[in-house]
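Engineer: Could you have a look at this structure, given as structure tokens, before my questions?
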Amino acid sequence: MTSDLEALEPSNTGEKITMTISETPPTASSILILTQWLQILSTFIIFFNTRGLLLTFGVFQTHYEQVLLRKGSSSDILWISTTGVFIVLPAGSLASIRDVHVGLGAGIAFTPSVAAAVATLTDPATRAKAMGLIACGSSIGGIIYPLMFRSIIPSTGFPWAVRSIAFVILRLYLVSYLALLYHPKTPPITRPFFDVSALKDAPFMTLSVASLFSATAFYIPLLHMPLLAKIRDSSTNPDLLFDLLAILNGALVPGRLLSGIVAARFGPTETVLLSLLCGTVLVFFWIVVDSVAGIIVWAVSWGMVSGVLVTKPGAFIPLFCLSLAVIGTRSGMYWVCVRSGILIGSLIGGAIYDFEAADEE
């Protein structure tokens with residue numbers, strides 16, 4: 001836009017001064033970059049509130065077993081965090097109601113946000129780096145929420161500790177929503193709930209089945225590390241039991257950032273394969289860890305390695321899609337397999353913990 005402004009007073013030469021001001025409209029590339037960064041910010045916050053809170057469930061599990069539901073077995077109490085069903089235990093129905101609501105809200109926000117970020121970041125290398133940055137949101141949430149829960153619960157009790165976390169989540173979601181207001185409006189497109197063609201896609205089905213098995217083992221440390229640490233070393237400070245998850249989640253941050261760089265260089269599927277191999281070795285090493293120092297070292301190592309399994313799906317799922325139109329649907333199908341693995345693995349871990357606890361007694 002160009003406008004001419006004439007001076008109110010004539011110059012010494014008797015001529016009028018004419019000033020031309022040019023307003024350059026933003027280019028399409030600058031708008032695209034801004035849109036991408038706002039989408040990254042919004043998805044980062046959603047990861048902070050959804051996956052970050054999920055990484056805190058080990059703290060809730062410990063509190064349930066040591067305070068609220070001392071008479072219940074670990075495998076029974078795990079139904080609260082994994083499925084939210086109404087279990088027949090004292091206060092179990094109240095706790096499960098909370099987790100049903102958390103699960104529904106997180107599920108509604110999480111998968112669409114990942115699909116939207118993938119659709120915005122079309123370059124594979126850029127997408128791999130961005131997903132590493134976005135996934136750090138869950139790691140930071142997994143640090144803040146356990147420490148927040150531990151510091152609030154002695155003074156205010158369990159109900160207000162949960163409410164305080166909910167208030168933080170609400171405010172962050174408002175920021176996430178405001179970040180998307182600049183997002184270009186596009187007409188809504190109806191997508192199928194289930195992609196039938198995926199059943200005939202051997203690579204995608206292999207990926208989904210593999211994700212189920214990997215998730216079966218991945219979440220066991222997140223839910224059981226504090227309790228198993230207490231069994232392995234009875235002298236462990238109770239405060240350290242809550243801090244272990246914060247330590248593990250802190251180690252997730254460099255692991256996820258580094259995985260984004262490695263994936264941009266060698267590919268996301270290759271990066272995940274390396275992470276799975278290293279994670280398998282670490283799980284076997286967990287058997288011989290029986291001291292506080294060893295538990296901390298193992299937690300840091302596990303955090304560095306396991307963070308890739310949450311970071312990279314957003315980068316490699318598009319590689320198994322025939323078009324961008326099915327990314328959202330196939331992402332949902334993939335995460336259903338992951339959540340099924342979480343359910344199976346968590347219950348297996350609970351049974352193992354009950355056996356070890358009974359053996360200690």
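One-based numbering along the chain as shown.
Note that Cβ sites are derived from N, Cα and C of the backbone, with glycine treated the same way.
Model, not experiment: these values are computed from the prediction.
So TrEMBL has the following annotated:
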type	residues	note
TRANSMEM	37-57	transmembrane segment
TRANSMEM	77-97	transmembrane segment
TRANSMEM	103-121	transmembrane segment
TRANSMEM	130-148	transmembrane segment
TRANSMEM	160-182	transmembrane segment
TRANSMEM	202-220	transmembrane segment
TRANSMEM	271-289	transmembrane segment
TRANSMEM	295-321	transmembrane segment
TRANSMEM	333-353	transmembrane segment
Engineer: Would the transmembrane segment (295-321) and the transmembrane segment (160-182) count as touching if the test is at least 3 Cβ pairs under 8 Å, pairs 6 or more apart?
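Structural biologist: Output no: the transmembrane segment (295-321) is apart from the transmembrane segment (160-182).
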Engineer: Six or more residues beyond either end and a Cβ under 8 Å away: which residues meet both conditions relative to the transmembrane segment (37-57)?
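Structural biologist: Non-local partners: 81, 102, 106, 109-110, 113-114, 116-117, 120-121, 130, 133-142, 144-146, 149, 165, 169, 172-173, 175-177, 179-180, 182-183, 222-223, 245, 249, 310.
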Engineer: Using a Cβ distance cut-off of under 8 Å, indicate which of 130-148, 202-220, 271-289, 333-353 has the most pairs with the transmembrane segment (160-182).
Structural biologist: 130-148
Engineer: With CB pairs under 8 Å as the measure, which of the listed stretches 130-148, 271-289, 333-353 comes out on top against the transmembrane segment (202-220)?
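Structural biologist: Of the candidates 130-148, 271-289, 333-353, 333-353 scores highest.
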